[in-house]
Structures are given as structure tokens and as C-alpha cells.
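Per Swiss-Prot, these features apply:
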DISULFID  CYS100-CYS192  disulfide bond
CARBOHYD  ASN8  N-linked glycosylation site
TOPO_DOM  1-27  topological domain 'Extracellular'
TOPO_DOM  49-59  topological domain 'Cytoplasmic'
TOPO_DOM  81-96  topological domain 'Extracellular'
TOPO_DOM  118-136  topological domain 'Cytoplasmic'
TOPO_DOM  158-208  topological domain 'Extracellular'
TOPO_DOM  230-239  topological domain 'Cytoplasmic'
TOPO_DOM  261-274  topological domain 'Extracellular'
TOPO_DOM  296-313  topological domain 'Cytoplasmic'
TRANSMEM  28-48  transmembrane segment
TRANSMEM  60-80  transmembrane segment
TRANSMEM  97-117  transmembrane segment
TRANSMEM  137-157  transmembrane segment
TRANSMEM  209-229  transmembrane segment
TRANSMEM  240-260  transmembrane segment
TRANSMEM  275-295  transmembrane segment
Amino acid sequence: MMQITMENKSSVSEFILMGLTDQPELQLPLFVLFLMNYTATVMGNLTLMNLICLNSNLHTPMYFFLFNLSFIDFCYSMVFTPKMLMSFILEKNTISFGGCMAQLFFFLFFVNSESYVLTAMAYDRYVAICKPLTYKVIMSPKICCLLIFSSYLMGFASAMAHTGCMIRLSFCDSNIINHYMCDIFPLLPLSCSSTYVNELMSSVVVGSAIILCCLIILISYAMILFNIIHMSSGKGWSKALGTCGSHIITVSLFYGSGLLAYVKPSSAKTVGQGKFFSVFYTLLVPMLNPLIYSLRNKDVKLAVKKTWKRITS
């Protein structure tokens with residue numbers, strides 16, 4: 001039924017993805033570079049997920065959220081990276097209308113879910129530092145599962161809303177997407193029908209989600225900072241900062257790179273420039289997250305040593 005609706009609404013049956021650049025001399029170097037990036041992202045996130053599963057000392061709320069963050073980054077990179085790599089080796093990288101809408105849906109689902117998971121992680125750090133005596137009660141397995149389920153549910157709802165609005169548009173003439181993936185803003189200029197609802201949806205839904213998540217994260221860290229200031233021991237300071245450091249870096253990278261891609265001065269707000277900024281949060285952030293949590297975390301380092309001993313013994 002959906003397939004019939006999409007065909008009736010649009011005369012375009014497929015789109016052509018322009019990719020990151022059309023300069024021939026850059027195609028091979030960029031293919032190798034992003035293939036290495038993709039391999040590192042997949043291996044890094046799979047390794048971290050396996051470490052958390054195999055080591056009982058990592059079966060805590062903090063690592064439960066981290067497992068889901070790695071799972072999202074793993075899936076997230078698989079949504080568009082293979083198709084992006086094809087753009088470097090094919091003369092014409094096409095994607096069907098249905099495939100484009102599916103890619104858009106899963107991209108939005110995972111990126112929104114990651115935003116909410118990062119918010120849940122900030123709340124977890126707040127409870128761990130500010131309410132250590134009741135931490136296990138507040139962050140019970142039931143509450144943790146509820147927070148993760150809510151994160152995925154909110155991501156699903158947002159993706160459904162945006163994709164549903166996009167499917168309703170008519171695409172008549174141009175089918176060339178000036179991007180390496182199907183995203184909201186590269187698709188809107190191709191529509192020959194009104195995009196007012198889509199633009200309103202993007203402003204309201206995305207704006208509300210960002211404000212809500214950022215507000216919860218900022219309040220959580222404000223409370224943590226207030227608590228740290230009143231700590232008497234330097235050891236407490238060090239432990240608190242060590243616990244939050246990795247998450248602060250991850251949040252800064254995720255939201256900072258996202259803002260670069262979508263919130264720019266009007267003079268620079270073009271899709272062509274946006275796709276270069278998109279590389280940071282679509283390709284670099286999923287690759288860096290496992291490294292950030294591995295290099296700065298003693299528990300993960302210990303888990304690596306234990307797992308390595310099991311393999312070699």
C-alpha cells in the first residue's frame with residue numbers, strides 16, 4: 001500500500017547521490033580513507049559491546065547505556081557508509097525512492113535515539129555522583145531498561161514523523177541529491193510541492209528534542225559540578241571528573257558537530273557545505289566514541305586485559 005502511495009505522489013523512481021566530491025583525483029584516496037574509518041567504527045563498537053557482555057564487572061547501569069550507545073553507532077554507520085563508499089567507485093550512484101526513504105528513516109531513528117541515550121547517560125552520572133547511597137535503587141535494571149526503551153521509542157516517533165512527511169512530497173523533475181546520503185535538507189529542494197509542513201516539522205520536532213536533551217544534560221552537570229565543588233577530598237574530585245570526562249567529550253562532539261552541519265549563518269546555509277560538516281557527526285563521532293571510553297576508562301582497560309588473558313591462555 002505504501003509503495004502505491006509513493007509511486008502516485010512522485011514521478012521520480014530513483015535518486016542519484018552525488019557523494020562528497022566530484023573531483024576524480026580525490027575518489028580513490030577518499031574511498032581508502034572512509035573504508036578505514038568504517039572498518040575502525042565497526043570493529044571498535046563491536047569490540048566494546050563484546051567487552052561489556054563478557055566481563056561481569058561491566059554489568060552496571062553505566063555500561064548498559066554505553067553498550068546501547070555502541071550498538072547505535074554500529075548500526076548508524078551501516079545505514080549510509082556502504083552507499084557512500086560506492087559513490088567513490090561508481091560513475092552514477094543511484095538509490096531507489098523506497099531505498100532513499102528507508103535510509104532516511106533509519107538514519108533519523110538512530111541519530112535521535114543516540115541523542116536520548118546520551119541524555120540518559122547524563123542522568124545516570126548525576127545519580128552516581130550526587131546520590132551514591134541510593135544509586136542502585138534509583139538506577140535499577142527496570143529503570144535502565146525503561147530509559148533505553150523510551151530513547152528508542154522517541155527516536156522511532158521522530159523518524160516516523162519526518163519520513164512520513166517526506167513521503168507525502170512530490171518529486172517531479174530533478175533527482176540529483178547533492179549529498180552522500182538521503183537526509184532531510186538535501187531532499188527538500190528537489191520537491192515540486194510545498195515543503196512548509198516539512199520545514200515546520202524540522203524546526204519544531206528537532207528544536208524541541210535538542211532543547212529538552214541539552215537542558216537535562218546541562219542541569220545534570222550543573223548539579224554534578226555543584227556537588228564536586230563541595231567535595232573536600234581531591235580523590236573525590238578526580239573520581240567524579242574521571243567518571244564524567246568521557247561522556248562530556250562524547251556529548252560535545254555529537255552536538256557540536258551536529259550544530260556545524262545544521263545551524264549555520266544564513267549566508268553559509270547551503271546543502272553543499274552542509275554535507276562536509278555532516279562528515280564529522282556521521283563518520284567521525286561513531287568511530288571516536290569507543291576510543292574515548294576505552295582510553296579514559298580504567299574498567300574498560302581492565303576488561304581488555306582480562307579478555308586478552310582468556311584468549312591467550
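From the backbone N, Cα and C atoms, a Cβ is placed for every residue, glycine too.
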Query - Neighbour tally for CYS192 (disulfide bond), based on other Cβ positions within 10 Å of its Cβ - result: 14
**Report entry** Other CB atoms within 10 A, centred on CYS100 (disulfide bond)
**Finding:** 24
Query raised in the report: Is the topological domain 'Extracellular' (81-96) packed against any residues at least 6 beyond its ends, judged by a Cβ distance under 8 Å, and which are they?
Result: 13-20, 27-28, 30-31, 34-35, 37-38, 41, 103, 180-182, 283
Query raised in the report: Where does CYS192 (disulfide bond) sit by DSSP, helix, strand or coil?
Result: coil
